[in-house]
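According to Swiss-Prot, the protein carries these features:
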BINDING   11-16, 84-86, 119-125, His140  FMN binding site
BINDING   Tyr13  NADP(+) binding site
DOMAIN    5-196  domain 'Flavodoxin-like'
Amino acid sequence: MPTKIQIVFYSSYGHIYKMAEAIAAGAREVGDVEVTLLQVPELMPEEVQVKSGIKGYRAAFGSIPYATPEVLAEADAIIFGTPTRFGNMCSQMRNFLDQTGGLWMSGGLIGKVGSVFTSTASQHGGQETTITSFHTTLLHHGMVIVGVPYSEPGLTNMTEISGGTPYGASTLAGADGSRQPSENELQIARFQGKHVATIAKRLANNK
């Protein structure tokens with residue numbers, strides 16, 4: 001039976017979606033895994049989406065199905081992606097996680113691997129606090145937290161401004177959202193996907 005990896009994300013302008021695709025590519029490098037991308041529902045009123053331009057950007061990944069709390073229980077590992085909002089996860093992701101009380105009651109996520117990636121507008125925009133505060137919810141669910149070890153050389157790349165932390169992959173979008181994930185950031189994301197899948201497979205095989 002394949003090890004099941006879910007990548008559950010929210011993306012406004014596509015940066016987190018691009019990182020999610022890179023993470024999925026890395027996870028698929030591990031043999032006998034099944035990788036599924038899922039997004040969480042939008043909360044923003046449609047008129048605000050149109051005015052801000054988000055609606056157009058989100059159309060690029062509109063075909064990706066929405067996650068439900070029940071579906072999470074089917075995974076061996078879940079990698080969550082969220083943009084930063086004032087050093088925390090976005091409201092869309094928080095709203096989704098607040099619906100997982102039933103899973104908490106049943107212990108449905110205990111022992112599953114949990115991991116997080118993020119994006120910020122600026123270099124010091126709260127990447128690390130977003131990921132580590134997200135970990136609190138995963139730990140309440142009894143998940144096994146996995147980050148990005150320093151065996152990934154992109155974490156110590158000093159030749160460019162780049163996201164990427166030992167807590168999880170990250171990217172910088174710029175104040176206007178014009179900066180796209182760099183190759184270094186995408187490589188860290190691919191590493192995270194492969195690393196999580198490897199550990200999840202090992203744990204699943206030892207059940």
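Here the Cβ of each residue, glycine as well, is placed from N, Cα and C on the backbone.
Here the features listed in Swiss-Prot are painted onto the structure.
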{"residue": "Ser11", "record": "FMN binding site", "Cβ contacts under 8 Å, 6 or more apart": "Tyr17, Ala20, Gln39, Tyr57, Arg58, Phe61, Gly81, Pro83"}
{"residue": "Tyr13", "record": "NADP(+) binding site", "Cβ contacts under 8 Å, 6 or more apart": "Gly53, Ile54, Tyr57, Ala173, Gly177"}
{"residue": "Gly14", "record": "FMN binding site", "Cβ contacts under 8 Å, 6 or more apart": "Tyr57, Arg58, Ala60, Phe61"}
{"residue": "Thr84", "record": "FMN binding site", "Cβ contacts under 8 Å, 6 or more apart": "Cys90, Thr118, Ser119, Thr120, Ala121, Gly125, Gly126, Gln127, Thr130"}
{"residue": "Ser122", "record": "FMN binding site", "Cβ contacts under 8 Å, 6 or more apart": "Leu172, Gly174, Ala175"}
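According to its DSSP assignment, Thr84 (FMN binding site) is in a strand. Its Cβ placed at the centre, Gly125 (FMN binding site) has 21 other Cβ atoms within 10 Å. In the predicted model, residues of the domain 'Flavodoxin-like' (5-196) average a pLDDT of 96. Taken residue by residue with DSSP, Ser119 (FMN binding site) is part of a strand. The local packing around Ser119 (FMN binding site), expressed as other Cβ atoms within 10 Å of its Cβ over all shown chains, amounts to 29.
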